[in-house]
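> Look at TrEMBL and you will find 367-416 tagged as domain 'Cationic amino acid transporter C-terminal'. The transmembrane segment annotation in TrEMBL covers 12-32, 52-73, 85-102, 114-132, 153-177, 197-220, 253-271, 307-332, 338-357, 369-388, 394-412.
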């Protein structure tokens, strides 16, 4: 549920940014320039000291994309492919043109707020990488998942990292970081340098890029609800698939409604403070599951020298790695002496070593995570380390939502869960004869 709320909040915040760029494009029309009120596109009309920020364009955009996704995978895939090609071309063009306007003095000091704030910023923008796990959620709709998923995840990750870094270097080199706008920073940066035509392209590229991000985010959310509905952890209505469109239409509409409410009532700044909690904790849980699922079947029957099962010993080691990551993160955040942090790191390394030498691991066929349990352990440690850098609002959200999640499972999920259901629903592109 933590990860699902991250998707909701991420979709809402992206919809806010998308609304701002769409409003910028509308303002190219002379009659609309400067006449679009803030509650329509730019930012929002704030109430109660900024606690609420009304924006009507963001929910409208979310509604349109939700309808596209409800129509079917083929329709949404065509829109996504076109938008992705457009945004990649524009981003590369922006990096090339912007590099000629870079003032290297703007990069000095390179980390004006110190390394500590880099980690804090990393937790806020971590949701920018959430979409890469979306590829895994579309495994059922992949022809050769063992080959296609690794290529899709690793390839897109590499390309996006290069583009992210390139854009960040260009924009901070063009304009001092403290003068960058919040709603449409790229467009404003190029406009300030007299490159109005580039700012127009950026607005178009931003609309394309944010649209594809929203499409993927909304798509994945609906599939998560679909999976939980199948297993009985949520009401069965979320597991229903449209007989013609072959999409989980109820889940898709619900996802769109929640994102629209958040996007229409809260601004990006407030939403960003409680982002990434679900991503960091969710990815840590996935990494832990990778380790436990690789243990051989007879692992749980063996007994260690401490008279506890090897399975329990492994779980304790994973938990110890997570605790050490959190401890190191808290110590770093509050400026504790470096030596104390080293102790937490050493304990984590010892726990990882115990996982390596005291457990037996299977080697599944096809593509699988390499260097288990080292890679998952490092993943858990650094995810929880970043978790410790989050704003206090995010910690409060994590505690409250964890209580709610446990409550939902305690009073509903455990009585309706059906993980071994014989019914398997496969959603796929509608046959050609059904689509005409």
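Cβ atoms here come from the backbone N, Cα and C positions, even for glycine.
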> Quick check for me: are there 3+ Cβ pairs below 8 Å between the transmembrane segment (52-73) and the transmembrane segment (197-220), leaving out pairs under 6 residues apart?
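Yes, the transmembrane segment (52-73) contacts the transmembrane segment (197-220).
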> Should anything in the same chain at least six residues away from the transmembrane segment (85-102) have a Cβ under 8 Å from its Cβ atoms, list it; otherwise answer none.
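Contacts with the transmembrane segment (85-102): 159, 163, 166-167, 169-171, 173-174, 186, 189-190, 193, 195, 198, 201-202, 204-206, 208-209, 212.
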> Cβ under 8 Å to the transmembrane segment (338-357), counting only same-chain residues 6 or more beyond its ends: which ones?
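Tertiary neighbours of the transmembrane segment (338-357) are 291, 313-314, 317-318, 320-321, 324-325, 327-328, 331-332, 373-374, 377-378, 381.
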> What average pLDDT is reported by the model for the domain 'Cationic amino acid transporter C-terminal' (367-416)?
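Its mean pLDDT is 86.
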> Kindly report the helix/strand/coil residue split of the domain 'Cationic amino acid transporter C-terminal' (367-416) according to DSSP, in that order.
39 helix, 0 strand, 11 coil
